[in-house]
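A.B. asks: Quick one: structure below, then a few questions.
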Amino acid sequence: MSPPSVLLLHSRIPLQPRPFRMNSRAAPSRVVVCSVASTEGFISAAPILLPDGPWKQVEGGVTAAKGFKAAGIYSGLRAKGEKPDLALVACDVDATVAGAFTTNVVAAAPVLYCKHVLSTSKTGRAVLINAGQANAATGDLGYQDAVDSADAVAKLLNVSTDNILIQSTGVIGQRIKKEALLNSLPRLVGSLSSSVQGANSAAVAITTTDLVSKSIAVQTEIGGVAIRIGGMAKGSGMIHPNMATMLGVLTTDAQVSSDVWREMIRMSVSRSFNQITVDGDTSTNDCVIAMASGLSGLSGIQSLDSIEAQQFQACLDAVMQSLAKSIAWDGEGATCLIEVTVSGANNEAEAAKIARSVASSSLVKAAIFGRDPNWGRIACSVGYSGIQFDANRLDISLGVIPLMKNGQPLPFDRLTASKYLKDAGDAHGTVNIDISVGSGGGNGKAWGCDLSYKYVEINAEYTT
């Protein structure tokens, strides 16, 4: 299965409240700002941009689905402060498990460990996540640290070691502070809870340079049975396909066969986390782990072609896209989210590649930060995407402002276009770029953020 990529660590930055609103243009998503109970003193929650569909947002994050508990505690892994830095998501039963991982050749020890576990086991019981040290480029000792951590969690939960998955985020080249981690595990396991607070504390514990935590839970009905999907993610910098700098944990109480579940996760990742970019860096640690408890009561989904599978896939896509957009919205130093929508391509893959090319362009990102409607940079990034199309069929719009039609530039009010960009930045809202390359049936989206002076400052001082 072809997977993703993930991230790094930074000492906590005091959170500056970010007002959020959608631009006046109607968008197919609902904006919900989540609260983070007892953890809000450390970090607030990201806005959730949930696509419209036959589902509703519910409380609970990764604990919303039946059978799941979570916890996040401070264990001394971070350089300073008492922000939670160790999280655990556990299932009461053997859950069908799937994963997607970084494409970076220098994959971190926990990534290598998880890939090995998933190659030999179809089920999982828990995911342990630490922040502070990435445990990447740490050799054999780093890998043993991951094994020892999994073994310790397994003993406390009274399950097999190969049912424990590990994720790490932090500074590359640093092994985990294993003694502090192992000493904290009894307290972490004792803190496991199916409450909203349990989910929120875990979502905060996995953050690094993030200014907001990312957590969501959705309920839908399939075959007359209520199904829940929950998720949490982290990521703010070192984000670029494949699988942008990020960690993610997904939970559901649907019953899905192993092969179908793994293919569903692969498809959803390709439409979400692989479609976000902040800075063009593919992390060593990117990892998404997804667990299905099967406790909802719905008969198992055994085929991708069934109506139930298609309904479930759409909801899974929506959850992952919501988390992905929250990551891009929270890009290091960003003032706005960029959403690129491409239509008219030959197929979904080609549309997605064009959208990624535009969202990844440093010149496009810098122009948006400068509130400069320099649409030529958009056209340029479409052209070098590697996808062949008829340039005389190219249409480009910025928000509701048409800039190019059938390959011909259109007159437009630059002050109005600049104000559109400024309003989005002032409100930490969304800049929409719409592109059509023909009359094909392929559609795709990608998400990014603008490129500001603050991004350079954050990363220039990362380990100092």
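Backbone N, Cα and C define each Cβ position, glycine as well.
Okay, so Swiss-Prot annotates it like this:
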type     : residues                                       : note
ACT_SITE : Thr245                                         : active site, nucleophile
BINDING  : Thr208, Lys234, Thr245, Glu332, Asn459, Thr464 : substrate binding site
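A description of the local structural setting of each listed feature is requested, covering burial, neighbours and distances.
C.D. replies: Just so you know, the Cβ of Asn459 (substrate binding site) picks up 18 other Cβ atoms within 10 Å once every protein chain is counted.
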A.B. asks: Including all protein chains shown, what's the count of other C-beta atoms within 10 A of the C-beta of Thr208 (substrate binding site)?
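C.D. replies: For Thr208 (substrate binding site), the 10 Å Cβ neighbour count is 26.
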A.B. asks: Helix, strand or coil: which one is Lys234 (substrate binding site) in, per DSSP?
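C.D. replies: SS state of Lys234 (substrate binding site) = strand.
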A.B. asks: With H, G and I counted as helix, E and B as strand and the rest as coil, say where DSSP puts Thr208 (substrate binding site).
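C.D. replies: Coil, per DSSP.
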